[in-house]
Every structure is written in structure tokens, then in C-alpha cells.
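According to TrEMBL:
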| type | residues | note |
| --- | --- | --- |
| DOMAIN | 6-382 | domain 'Major facilitator superfamily (MFS) profile' |
| TRANSMEM | 7-32 | transmembrane segment |
| TRANSMEM | 44-60 | transmembrane segment |
| TRANSMEM | 67-87 | transmembrane segment |
| TRANSMEM | 131-148 | transmembrane segment |
| TRANSMEM | 154-174 | transmembrane segment |
| TRANSMEM | 201-222 | transmembrane segment |
| TRANSMEM | 242-261 | transmembrane segment |
| TRANSMEM | 270-288 | transmembrane segment |
| TRANSMEM | 294-316 | transmembrane segment |
| TRANSMEM | 328-352 | transmembrane segment |
| TRANSMEM | 358-378 | transmembrane segment |
Amino acid sequence: MSMRFTFWIMVGIVAISGLSQGMLLPAIAMIFEQEGVSSSINGIHATALYIGILVISPFLEKPMQKFGMKPIIVIGGFLVIISLFFFTQTFSFWVWFILRFLVGVGDHMLHVGTQTWITTTSDPSKIGRQVSIYGVFFGIGFAVGPYLASTVQYGLATPFIISTILCLIGWLLLLPTKNAFPAQDEREVKRESSFSRYKQVVGLGWIALLGPLAYGVLEAMLNSNLPVYALRKGWSVSEVSFLLPAFAVGGIITQIPLGILSDKYGRDRILTWTFCISTGIFLLAAVFDQYYWIVFACMLLAGMVIGSCFSLGLGFMTDLLPRHLLPAGNILSGIAFSLGSILGPVLGGVFIEKIQYTSFFVAVMIIIGTLAILYMIYMKNQFASRKIESRLGHDKTT
């Protein structure tokens, strides 16, 4: 089976994973809101998926090096299918919490495997394009997810049944693909512990991890907290279901162009601009949040600007790390994403509950604005470092 065909199988699986994830957050949020569960408890429940990501992360690097990427993806996909199926068999706050946790474990296994496959097999000059295609397919799935969530009006089990069937189809397509192994520095792998490699990744690529962190915060807040906020404003379930995919659709529109631009101008520059511009967009949404269509336009614009921050961060990671550290880098990207996704719904839920006369988008703006400042400081330091190196080089030649 050709590498190209395997690549498209991988991104297809990621699209289905995005669909199930995009369905799960708003579907459960709307079900719990209708059942009278408080927004803060609703937000805490949403963290189960990301706790699963955190728990499984330390145990993925060694098995992937020993057994390859395919077994990790296959087992992860199977776990997601089984968990989604059992959502249809019961309605219980704590059982659903456990199932969400298992979906998080399976999803992360699937994503780490596919991300590592793509980042280790792609041409370095096209890494931005390849990773952005990965992001586009995840975004397409994630954008369709809330529409699938709206089928909850036909029965609580409906979105879970459809998602289970689609995941099963993707999983079956994966089975004929060949196994592949991540790039390794044999001496380093034998001598160093996983913790040592994670420490190196943080030291070299901490700034790149802010991309997945930001995407985790945004994805979880917009899909877990925004439905609650919007329903309390009096918007209908159909209006909310139409609003939520706008961010993901915006990301789909610009993901590949931004990936190509990042190959040309540098991912650090593109990420700095995306954080700065999106801060202004969320400020606009906060000022005009009583107008549905203005909020919709802001969500679409925000998606077009910052909806690619995960894939840009992942590409930036490959620029900063040696090849044998990429598996650890991908795992830490998942951890950063999950930390953002855990903090996002909790902070958003508390904000809605406690600060009732301030727009929900103010909370989003503050978080993204903080990351924008960190990127500007990083860029300033990089510019200063390059200037010093240039002067030293000039002195040596003279």
C-alpha cells in the first residue's frame, strides 16, 4: 500500500475522530442543560475526555517505538467505538463520565499515532502543508459534529449511534494499512528516560506547545460553555447547533493557506499574528454578543484566524525539535491540548455562573490575549538573539 494512500486513510480517520469529538461536547452539554445540571458541573464533566488524554500520555512513547504506530491507532480507534456504543445503553452522570474518559484515552492514542506518522514521513519543506491537511480533515469532522449533536432531539441515543457506525467504518479501512515506526536515535532512546526526553521537548519547544494549548481551551470552551451561555440568552437549540460549527468551518477555509504561508514566512510569525488578531475578534464578539449574526460572523472570523493554531503549533514543533524527539513532542502537544481543554470548560463554567453580567467572550479574549503577549515577547527575544549572532558573525569576518 502506497504512502500517499496511507496518508489519506490517516486523515480520513482523523476526520471521523473530529466528528465524534465535535458531537460529544455539545450533545452532552445540551442534554445536561435540559436535565437541569449546573453549568459549572457540566464543565467539570467535560474534562473527563481530557483527563483520559493526560492519563494515557506517559504510556504511549515506548509502545509506539517498540510495536509501531499502527497498533496504537487500531487499539485507540477500537476503544472509541466501544465507548460510543455504550453511551446508547445507559443514561448516568458517572457512567457517562467514565465513557468520556475512555473516549479521551482512545482518541489520544489515535491522534498521537497519526500525528507521529505524518510528521516523521513528510518532506520537511512541505510539513506545514501536510499537517494543515491533517488539521483540515479534523476540522471538517469537528464542524459536522455539532450538526450531528442536534439529532439528540430525535432521541438521546441518535447522535451516538450514528457516530459509532462512522467510527467503525473508518477503523475497518485502517486495518489493511502497513505498520510504520517513528524515527529513533538508538543510543539516545536506550540511555534516556521518557521524562528526560519530555524535559528536552519543553526546553526546546515550549513556545510551540502554546498552539495546542490555545486550541484546547478554545475548542472546549466554545463547544461546552457556549451552548449553555447561548441557551440562557434565549437562543434555540437549532441556532446554537448552527453557531458552533462556524469556528471549525473558519479553520477549514484558511488552514491549508496558513500552513503554506507558515512554510514560507515561518510558523512563529504566523502564530504571533493569529493570536493578536483573534484577541481583537473576541473583543468584538463580547461587545456585540446580543446580536446573533454578529456573533456568528465573529466565530467564523476567529476560526479563519486562530482555528489553525493546533496544526501550526504541531508544525512549529517539528521545526524546533530533532527528529528522534518528535514522538515525545507529539505526546506533549496532546498533553498541552488536554490541559487547555480541562481548564477551558471549568473556567468558562465558573465565569458564566459567577460573572453573570459580563459577556462569556471576555473570558476567551483574556486567555488568547495572554498567549498573544507571550508570543510577542518570544519574537522580540528571537529578534534580539539573531541581531547579536549577526554582530558576532560580522566581527569574526572583520
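Cβ atoms here come from the backbone N, Cα and C positions, even for glycine.
On the 0 to 100 pLDDT scale, the model's mean across the domain 'Major facilitator superfamily (MFS) profile' (6-382) is 86. Beyond the ends of the transmembrane segment (131-148), by six or more residues, the same chain brings 10-12, 14-27, 114-115, 118-119, 122, 159, 162-163, 219, 223, 240-241, 244-245, 248-249, 251-252, 255-256, 258-260, 307-308, 310-312, 314-315, 318 to within a C-beta distance below 8 angstroms of the stretch.
By the Cβ criterion (under 8 Å, sequence separation of 6 or more), the transmembrane segment (270-288) is in contact with the transmembrane segment (358-378), since 3+ such pairs are found. Counting Cβ pairs under 8 Å to the transmembrane segment (294-316), the stretch among 7-32, 67-87, 201-222, 328-352 with the most such contacts is 201-222. Across 7-32, 67-87, 201-222, 242-261, 328-352, stretch 201-222 shows the highest tally of CB pairs under 8 A with the transmembrane segment (358-378).
Remote same-chain residues near the transmembrane segment (328-352) are listed as 38-44, 46-47, 49-51, 53-54, 57-58, 60-61, 104, 108, 111-112, 115-116, 119, 194, 197-198, 200-202, 205, 208-221, 224-226, 228-229, 232, 310, 313-314, 317-318, 321, 358, 360, 362-364, 367 (criterion: CB distance under 8 Å, separation of at least six residues from the stretch ends).
Remote same-chain residues near the transmembrane segment (7-32) are listed as 41-42, 45-46, 49, 73, 77, 80, 84, 96, 100, 103, 107, 110-111, 114, 117-118, 121, 130, 133-134, 137-146, 148-149, 152, 156, 159-160, 163, 166-167, 169-171, 173-174, 177, 219-220, 223-225, 227-228, 231, 237, 240-241, 244-245, 248 (criterion: CB distance under 8 Å, separation of at least six residues from the stretch ends). Proximity of distant same-chain residues to the transmembrane segment (242-261), defined by a Cβ-Cβ separation under 8 Å and at least 6 residues beyond the stretch ends, is recorded for 22, 26, 128-129, 131-133, 135-136, 139-140, 142-147, 218, 222-223, 226-227, 230, 235, 270, 274, 292, 295-296, 299-305, 307-308, 311-312, 315.
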